[in-house]
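See structure below.
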Amino acid sequence: MRKCSDCCCVQFCSTSETGVCSKFLFLLPTSACPSSASFYSMASTTRGRSNNDKRQNQRHAVDPNVTEGASASSSSGISKLELVQKAFMAPFTHKKTDSTRILSDLAPVIMTPRMMTSAATVSSRPRQSIAGSSSHRSSFATLGRAPLRLGLGSNRITSGDLQILEAVDDLLEAEVPEPEGVASNISLLRGFNATIPSAEKSKTRRRQMRNVETPRLGLKKLGLTARGLLTEEDDHEGQSVTSEDDVVVVRHPQGAQKKGRESLSAAKKLGKEELLRQSNEIMLDKENIHVKRSLINSEIEEITNKIHALDEIRAKLEQDLIKLQEEELELDDELEGVKNRMKFEQEQATSQKQSSSVQNLHLPPSSRRRKGPAFLPSEHDELPPGVAFMTLDSHTTPITALDFSEPYGTLVSASQEDAQPRVWDLLTGEEIGRLRGHVGAVHCLQVEDHVCLTGGADGNVRLWDLRRVDADDGWGEAEMVSLSDVAEEDEEAPEKEGGSSVRTAEEDPVQKDKTCARVLEGHTQTVTALYFEDECLVTGASDKTLRQWDLTTGQCVMTMDILWAISHPASGTPMSSQSFPSTFAVQTPPYADGTKEMYEDFVGGVQFWGYGLVSGSGDGAVRMWDMRTGQAHRTLLGHTGPVTCLQFDEIHIASGSLDKTLRVWDLRMGGIFETIQFEHAVTALQFDSRKIIAATGENGVKIYNRLSAQTSTLMTNGHMKPVERLRYMDRYLVTGGRDAKLKIWSL
């Protein structure tokens, strides 16, 4: 025994001993000790002896006539596992001779190239210090003071292992379920016996028992020839096709008569025992077929369950993909909203710098084209989605029109048989005033910031300044609203061509309410639809005309006749054969509560963008107009009932009708992009890039997801009668129903 000069290891000269580190149980790699090359040869010699002993043991088991010396030698051979157990389980007396003996016995077992490589990998791996300030290479002395790990794998305890460990008690107490299907009547051993290859031996044996010795017939060659295959004899030209082995020569003695050949089975005698054995084997084979059939059916059922589980996983992943698409569209809208907000604040800063001696009524930009999230109170996030959290119940008749400036802003609502629209503060839910001036019910209105336009049954359109509505003026049932400081016209506006005129509130013979800034007269029947943006206003009425107004001057710029457009269709559009009387009235389909009413709004909706105007009318057509010429250049046909509502953006037009459908039109192609069928008439709608919200003659509000094509319904704390009107911004929705109530929803 000598000590290595290159490291702290000890080398032994005996072939049964090996060199190991004096401070660690693992072996040193060759790179650590240059003189340890002899370790591998000694370990190989020891392993060779162990393998020889093992082979002698195997020969002894086969041949009992081995010598006693061989038996003694084989009995001395101990397996590796027994050697390791003996080394670690035996008492350690802390003597040098004992440690040397233990190391000598363990060396052939653990001194393998794989163990050497693992030890070298562990020793060469850098480790962080406890303080984390620097990293250093671990030495064998450091590793020797660490607890010994028999396994060199990288397995770690996971959270799943901990969950299983925590659930051990519950799993042990749980009842084992009874097997179902194949497992209930077929044991594991029976199924194994039915599927192993040896189960076919009985069938092969019976086939061999039925084989009869006959002269050689050459059947193989006949089969190959029948299939059109070449045989070896075909390659030899000029020779006989049939070989001598395939020729059957039947010799008949001279003078003998030919007689019929006996059956092949007649010469074969099986015996009773063989027949009984074959019968039992056949029954066993039939049982095996039943077991195999049951196992295959079980596998098919298992595959079906897996397919069902995979379908569920696929559906969930598709829903996640749809959510990602919705989030992407939401981000696009938010980005567009940020750009619009930036533009608005720049314009506002510019307008504040410009001083004006005369205070005019400023018309804000339309919120219909506003995108992105709205400004909401922080408490709005605490509301549960899909629930009506506020109810306004001052009206006594069904709601006919509603609109609000912003979430938790100012709401204006109108109802049947009520000429005074109500103004609400959505932050407190209180009514702050009424708009007095119309003679007859108000059928349409629009609110933008502090400006409100209303159209009524008297054929007039009124412009209101909502900043001047105040409930503290003490107005009563027979009193007029007294408001101060309203912008006045510098000069009276004369009557315009076509019978249209504009008046200030002081010139109105009905009342002198300074809340109403202007009155636009021109329509001869009920104004049923209106839309304004910037200083341009478009109105539609039951007199079957559309009028374009300039709100800065109050003049009617253009009149578009729908009846003329019907009788003079655009090129390529089929001629309509409908004729409309002076008074338009159509009975609506039954609502969800069974009620019906007469629908008299010939123009169901209007909206424009730039010079493009879209209108929906009582003939079921959606028309696109050029506001520069006043001509209808395209007509979209598809609805079979009057169009009650519509909206459009850069790509699509959405229209609702009494024919119980909501149709989405593609502006680029001029055709129907999508049709959504409902059970009742569609009376109101609004859409964005992700969803369509519609009032469809039911107590609930329908929400159609444009990405997943799925429809949901808002019902919680909702209306008691069908919904008639709606308007939403971001996650804030206001609805009005035939129960004369207004509901505020959180989306």
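Positions of Cβ are set from backbone N, Cα and C atoms, glycine also.
Remember, predicted model here, so these are calculated numbers, not experimental data.
When the ranges 231-258, 483-510 are checked against TrEMBL, the one recorded as region 'Disordered' is 483-510. Within the chain, the repeat 'WD' (716-747) has long-range Cβ neighbours (under 8 A, six or more residues past its boundaries) at 367, 370, 372-374, 376, 380, 383-393, 395-404, 406-408, 411, 413, 415, 424, 426, 429, 591-593, 595, 680, 683-686, 693-701.
For the repeat 'WD' (392-434), the predicted model reports an average pLDDT of 93.
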